[in-house]
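Chemist: After the structure tokens below, expect a handful of questions from me.
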Amino acid sequence: MSIAILPMSAEYNWNPATVGLVQSSFFWGYLLTQIAGGIWADKVGGKTVLGFGVIWWSIATILTPVAAKAGLPFLLVSRAFMGIGEGVAMPAMNNILSKWVPVSERSRSLALVYSGMYLGSVTGLAFSPFLIHQFGWPSVFYSYGSLGTVWFAAWLSKAHSSPLDDPQLRPAEKKLIFANSFSKEPVKTIPWGLILSKAPVWALIVSHFCHNWGTFILLTWMPTYYNQVLKFNLTESGLFCVLPWLTMAFSSNLGGWIADTLVSKGLSVTTVRKIMQSIGFLGPAFFLTQLSHIDSPAMAVLCMACSQGTDAFSQSGLYSNHQDIAPRYSGVLLGLSNTAGVLAGVFGTAATGYILQHGSWDDVFKVSVGLYLVGTVVWNLFSTGEKILD
């Protein structure tokens with residue numbers, strides 16, 4: 001959508017505020033299913049939940065051009081519907097990983113899975129301009145939407161929510177997984193009072209908000225920034241947007257490897273999570289402050305790439321922390337903190353449209369930097385890598 005919005009806004013004569021509304025409507029739905037997706041995954045298993053999510057959002061993607069032609073309210077609803085499907089994905093993935101992966105491999109496994117999201121963004125941003133030029137903007141939604149149905153067939157036959165469900169798993173591998181803190185009983189009730197009484201849980205929630213404000217603005221507004229400020233055309237905007245995501249795919253895996261190595265060398269999980277997340281906050285804050293002093297488009301793209309690259313160290317910080325502090329409730333906990341993260345996406349994406357009508361890109365970046373600094377302080381004061389909920 002962040003690429004297709006350029007020809008769409010030209011065709012339908014949308015102003016920046018309307019573009020902001022269309023971009024943020026996805027998050028309305030995404031917000032609704034975070035906690036519900038976490039509860040559902042913790043109770044019935046991640047396989048069912050993730051499969052449902054992918055089919056749901058694939059259908060919503062295919063229907064997007066039809067909705068846009070029907071009118072703006074229909075488009076907003078179809079984008080919110082897409083968000084409802086995507087909202088269950090991360091809680092479901094977290095639930096599956098918490099059952100399958102030993103602590104010593106946690107950061108790497110999470111980084112590897114999440115780098116799939118980054119590489120998906122890379123592929124989408126790289127191919128969208130080509131599809132738009134050849135077949136018009138609706139082709140983007142039709143082609144990407146239909147890919148989900150192909151994935152679903154493979155997922156149904158190959159995936160398992162837990163090692164207990166997998167008939168092909170070797171006994172030695174099963175033994176290794178079960179030896180490393182695996183809770184066999186499905187979750188029946190969720191101790192909300194206990195969860196919400198813990199300071200590290202609130203550190204996760206606040207940090208997730210601060211982190212996602214900056215990330216979502218770059219995700220949704222970057223092609224517009226390249227187009228308006230750096231004067232790139234549609235194809236260039238798409239191709240240059242790829243660089244930060246490629247950097248993230250690489251650096252999240254690098255961060256995962258560093259974090260797991262530090263843990264295996266005997267450094268406490270708490271210290272490792274604090275180091276990784278501090279890089280994930282202070283790196284982007286530093287590079288975004290440099291953007292206002294830069295004249296050349298090449299340096300601006302490099303700054304964006306470095307900002308997103310250091311941001312990806314968060315995969316080994318706050319994103320790995322749900323499984324550290326509450327492995328049994330990791331799906332619910334991710335749903336909880338990601339709800340705060342999505343609120344940042346809703347407000348940040350819409351606020352950016354408003355700020356750009358009344359101010360400049362410098363003002364947009366200043367808000368992000370301020371929140372990164374708040375996140376750094378909260379995370380270092382209150383987070384932990386130890387298990388606080390059984």
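Placement of Cβ uses the backbone N, Cα and C atoms for every residue, glycine included.
Positions annotated as domain 'Major facilitator superfamily (MFS) profile' by TrEMBL: 1-387. The transmembrane segment annotation in TrEMBL covers 20-41, 48-68, 74-97, 109-131, 201-222, 332-356, 363-382.
Describe the structural surroundings of these features, if you would.
Modeler: The average pLDDT the prediction assigns to the domain 'Major facilitator superfamily (MFS) profile' (1-387) is 89.
Tertiary neighbourhood of the transmembrane segment (20-41): same-chain residues 1-2, 5, 8, 14, 49-50, 53, 72, 75-77, 79-92, 94-96, 190, 216, 220-221, 331-336, 338-339, 342-343, 345-346, 349-350, 352-354, selected by CB-CB distance under 8 Å and a gap of 6+ residues from either end.
Outside the transmembrane segment (109-131), and at least 6 residues removed from its termini, the chain residues within Cβ reach (under 8 Å) are 2-4, 93, 97, 100-101, 139-140, 143-144, 219, 223, 234-235, 237-239, 241-242, 245-246, 248-250, 252-253, 255-257, 312, 315-316, 319-320, 323.
Among residues of the same chain six or more beyond the transmembrane segment (201-222), those with a C-beta under 8 A of the stretch's C-beta atoms are 1-2, 23-24, 27, 121, 195, 241, 244, 277, 280-281, 284, 288, 304, 307-308, 311, 314, 318, 321-322, 325, 333, 336-338, 340-345, 347-349, 352, 364, 367-369, 371-372, 374-375, 378-379, 381-383, 388.
For the transmembrane segment (332-356), the residues of the chain that approach it from at least six positions outside its boundaries are 16-17, 19-21, 23-24, 27-28, 30-31, 34-39, 42, 87, 90-91, 94, 187, 190, 195, 201, 204-214, 216-217, 220-221, 318, 322, 325-326, 363-364, 367-368, 371, judged by C-beta separation under 8 angstroms.
Long-range contacts of the transmembrane segment (363-382) within the same chain, counting only residues at least 6 positions beyond its ends with a Cβ under 8 Å from a Cβ of the stretch, are 199-200, 202-203, 206-207, 209-211, 213-214, 217, 221, 274, 277-278, 281-282, 284-285, 288-289, 291-292, 317-318, 344, 348, 351-352, 355-356.
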Chemist: Going along the chain, which residues at least six beyond the ends of the transmembrane segment (48-68) come within the CB cut-off of under 8 Å?
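Modeler: Result: 1, 8, 12, 37, 40-41, 74-75, 77-79, 81-89, 91-93, 95-96, 137-138, 141-142, 144-149, 151-152, 155-156, 159, 161.
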